[in-house]
Amino acid sequence: MALLAAGSAVPSALVALMVFRASAWACLLCFTSYNERLQICQIFAGLESPDLGKCEEALTDAFKGLQDTEINYDERSHLHDAFTQMTHSLQEVAAAQGSFRVAFPHAAEKMQKVISQLKEVQACIRPCGLQEVARRFRCRGCYSTVCDLPLDCPVQDLTVTRGHQAMFFCTVNFQLPKEEITYSWKFAGGGLRTQDLSYFREIPRARGYLARIRPVQPTHRGTFSCVITHDQRPLARLYFFLNVTGPPPRGETELQVSFREVLRWTPREGEMIEPWTPSLGELLARPEALTPGNQCLLAAAMALASASATVLAWMFFRWYCSGD
């Protein structure tokens with residue numbers, strides 16, 4: 001009898017395995033194990049019941065509506081906890097002699113409501129960049145994916161008159177991680193407008209998101225590249241083509257200009273971009289400058305300046321009166 005029971009259990013397990021493998025990958029299969037699903041049906045139908053296969057098939061059919069579900073990648077743990085709680089609830093219903101034909105559709109409906117309340121998947125923002133904030137988890141296949149966009153952003157053109165100032169802002173229109181963000185700059189001279197990395201040479205002193213060149217000279221004509229990196233992983237590469245216009249300074253002959261261009265055709269990258277030291281006006285013009293803390297500091301500085309002026313005026317008045 002023991003051998004007969006063992007022999008009947010093996011076909012049941014094989015049937016259950018084929019049923020679960022035949023169905024498309026779905027959230028149920030991503031966040032519950034085969035043993036958990038089999039145990040639920042064993043409690044509902046019994047270990048050797050002929051309804052065991054029907055129970056397993058009913059379970060997968062109830063959750064087929066979730067097979068194409070996509071969720072925010074950061075919500076995986078929340079959904080996993082919800083499925084774990086659902087598993088325990090189904091076991092309790094089975095122990096209370098409930099019907100799996102009623103319990104499974106009800107459980108699937110509740111999970112659909114849970115998914116609808118999760119944080120939404122953020123849309124990919126074109127045209128470029130590795131956007132981790134938009135990473136999503138797909139139940140069909142149980143894998144995560146990010147936006148299928150290139151790292152290289154389109155070249156931005158900037159025309160500046162000779163002797164004036166050129167500024168490049170290495171910013172993107174999608175959200176970056178808050179920590180471990182670094183910026184590195186490179187330059188492809190000779191008037192090249194390119195995105196071929198083999199033409200670029202590193203600019204050692206440029207490290208921030210903003211780069212400034214002043215005064216702009218014809219030798220600066222070319223493509224500047226900025227790489228945004230998070231934890232040594234590139235997120236985006238931006239390109240700026242700088243076109244320099246305007247006549248040479250007064251008193252220079254064409255021969256002098258040509259001679260200087262030959263001597264200076266390869267600028268010293270370490271001196272090309274200067275570190276940006278903004279003035280007070282430039283700092284206050286930035287949107288994030290007037291924070292509550294900065295406003296308090298500014299008010300305190302103005303109050304101190306006013307008090308100092310008052311004390312100096314009073315001391316001068318006393319001195320003047322004492323002289324009389």
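Cβ from N, Cα, C; glycine included.
A TrEMBL annotation is a machine prediction, not a hand-curated record.
The annotation signal peptide is assigned in TrEMBL to 1-26. What TrEMBL records for 150-236 is domain 'Ig-like'. What TrEMBL records for 297-317 is transmembrane segment.
Model confidence over the domain 'Ig-like' (150-236) is summarised by a mean pLDDT of 95. Counting residue by residue with DSSP, the domain 'Ig-like' (150-236) contains 6 helix, 41 strand, 40 coil.
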